[in-house]
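Undergrad: Below, the features straight out of TrEMBL:
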- 144-339: domain 'Peptidase M28' (DOMAIN)
- 417-628: domain 'Endoplasmic reticulum metallopeptidase 1/1-A TM' (DOMAIN)
- 641-870: domain 'Endoplasmic reticulum metallopeptidase 1-like C-terminal' (DOMAIN)
- 25-45: transmembrane segment (TRANSMEM)
- 375-401: transmembrane segment (TRANSMEM)
- 421-443: transmembrane segment (TRANSMEM)
- 455-478: transmembrane segment (TRANSMEM)
- 490-511: transmembrane segment (TRANSMEM)
- 523-546: transmembrane segment (TRANSMEM)
- 552-572: transmembrane segment (TRANSMEM)
- 584-606: transmembrane segment (TRANSMEM)
- 612-635: transmembrane segment (TRANSMEM)
């Protein structure tokens, strides 16, 4: 039987514990504060500079004028789609650029600058070494408009800064954003630079390339064939994957970190992060920019700018003039103009190779200022910070042991237990989120967040938070410790979180992953507040508010990172790999954001009375999100704002025997998948038209690369998700005309050379596949024969992508093979030759039945639909 003293002591302990706890309302207030920080960051993230008008030129001399650029964009985008090879691209747009640049030259300061312009007409080839689908890209008569600003007096400079954008667009898109926005920004930057009062130390080259959308051929043409490129020392490339928003500088150098100094010191609206660079270079972004050509083929350092957020309209018919805010033009124009002025006078350009260094860690803080440091410095910083953080935690544990009459060893054991709890909670939280992503993918309930982005928090952040809150709460509730106060146990959980972050940072640093700076920031602020709390000896509740004050800056920054990540990657899931799981990528981003934003907050839930109520509230939000997801509100697509994309080719396919007789002629629609829902709608529409949409299946074994007129050989990688709808063949006015002009055999060397001419449209492809026993040893498409792409029935496959611009003459080429067919059934055969023609900008060639099929699509669908022709022959 307990004594009165024991009862009194027990009551005091319960009262002390209750006094040490905080109200559940405190957790709601904390959650509201975090949400408030997020929305303040969003307001700052979305805020843009005031767009200047022509009337502002007198009061704002030497400033970029957005209204001038917008007027040029109106004229440029109203031409309609500017596909390479089309009249709109090769004639109308080229003449527009020449006229505007001539006006700029006429208005230039004659005492300081001379503006020159010319049209480059280029012929050449390039090799793209993609892993499974390497390709040789050939161009004939494509056009670049190139201009330069040089001093009005004296000899031409020996060093140049290059600014580059492209003026062509994809089919059926007016290309106001991609890349009309950057083209008109370059024009206005050129106008302002040409009116400067003094000449620049270096020349400035402006490259408006006319063939970027087809494997970056325009930039290659300038690098490989234009005389001005030899003097280019660095460049600013500008591209677009969105409509509006800020420009992000997402690639720099590589290994020329002085460029970041100029960006830091001169750009008025910085927006950049090494995370974006690493994600882009890891091929998580389904596109390339001309930066690839300039930095690898041209071997010069530079910077890559792009608009990338909320890219729902990118490469669609909705990428129009009225979707581009003037403020976006002003934001990018201010940045590029200031950076171009600085680099045009940069002494580093006199001998740029002397300034080669290492890659750099770089990021802006809330668009206020830039932080950057070389990779070697990040190693020192990260290792040093980890050491300081561990020392601070060690000092805190030592003080805790002294105040509670515990040995350091006992507290370390408690710390290890806390680390296990935190680690297990993280593993369970991550596992729950990823498991849900796998389940939703398995039951075809994906992409509900495509338009309703808030669902990401409910579906993936909430399970993570539930696990990371529940773990500490259960640990403290069920594992009693009479020697440690509640606050001390929560502090140990926070210390354990920091140690785990430190381990992650050490691993990322050892792997030279610069994105590890995210954990650097988290550890840095926690270490600072730990040292402050040590200095005040963790005074009562004061330590808690010191800790929370130290979390404001990292939460604000991680909120900014999450805005950029989701705004960039959510729209990309509508134009990605239809066989991939889009939920998985978004869940991983959500978990990372949850880890960074809430990692040092979730253990605090254990301080609250009735903490299970808070966890239940998070669970309710999760359930609500699930309910919304399965309703019509969770349908991914919306008309005009977040459309679903479809690519459909109306195909005529001709297959010939080796003797030249036709063995197969058929027509139909090939649907190239863009997302997980492509097949559902296509099958539904096919049934309405009494048609059948079927997988390619056995066609891919029967015919070279499925006998489909793929635009790029990489589309073959989606063959398992592509659909074929049987239809009728049709006749095209510009059908492929392939002629074998001559063949020459060298019996001693067992070589045979075949000479051809091919006449077709401006976008064509060639597949060359030697039969077994025969080897392709020479051709006219490039100096050397590249390696084969993905084999077909054991045969090598070589792919050539061909585009002609203003020069539409028949293309002459030859193929040289060695050996003889090793199979009796192929006696006398040497190779398969498939030629594909894509009629991308020939709306007038659409057959009535094709148009009727396209007209059935719902209003939320953006359909790129055009005829394609394939001829398959054996020689």
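Placement of Cβ uses the backbone N, Cα and C atoms for every residue, glycine included.
Here the structure is a predicted model, which means the values were calculated and not measured.
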Undergrad: I'm a bit unsure how to read this: which one of 25-45, 375-401, 490-511, 584-606, 612-635 has the highest number of Cβ pairs shorter than 8 Å with the transmembrane segment (523-546)?
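TA: Of the candidates 25-45, 375-401, 490-511, 584-606, 612-635, 375-401 scores highest.
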Undergrad: So what's near the transmembrane segment (490-511) in sequence-distant terms, Cβ-Cβ under 8 Å and 6+ beyond its ends?
TA: 378-379, 382-383, 385-386, 389-390, 393, 396-397, 400, 411, 414-415, 418-419, 421-423, 426, 472, 475-476, 484, 519-520, 522-523, 526-527, 530, 538, 543, 547, 599-600, 603-604, 606-607
Undergrad: What else in the chain is close to the transmembrane segment (25-45), if you only count residues 6 or more beyond its ends and a Cβ gap under 8 Å?
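TA: Here the qualifying positions are 246, 366-367, 548, 552, 555-556, 559-560, 563-564, 597-598, 601, 604-605, 608, 611, 614, 617.
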Undergrad: Cβ pairs under 8 Å only, please: of the recorded stretches 421-443, 455-478, 584-606, which one is richest in them relative to the transmembrane segment (552-572)?
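TA: Looking at each of 421-443, 455-478, 584-606 in turn, the most contacts to the transmembrane segment (552-572) are made by 584-606.
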Undergrad: Looking only at residues six or more beyond either end of the transmembrane segment (421-443), which have a C-beta under 8 A from one in the stretch?
TA: 459-461, 463-468, 470-472, 475, 493, 496-497, 500, 581-584, 586-588, 590-591, 594-595, 602-603, 676
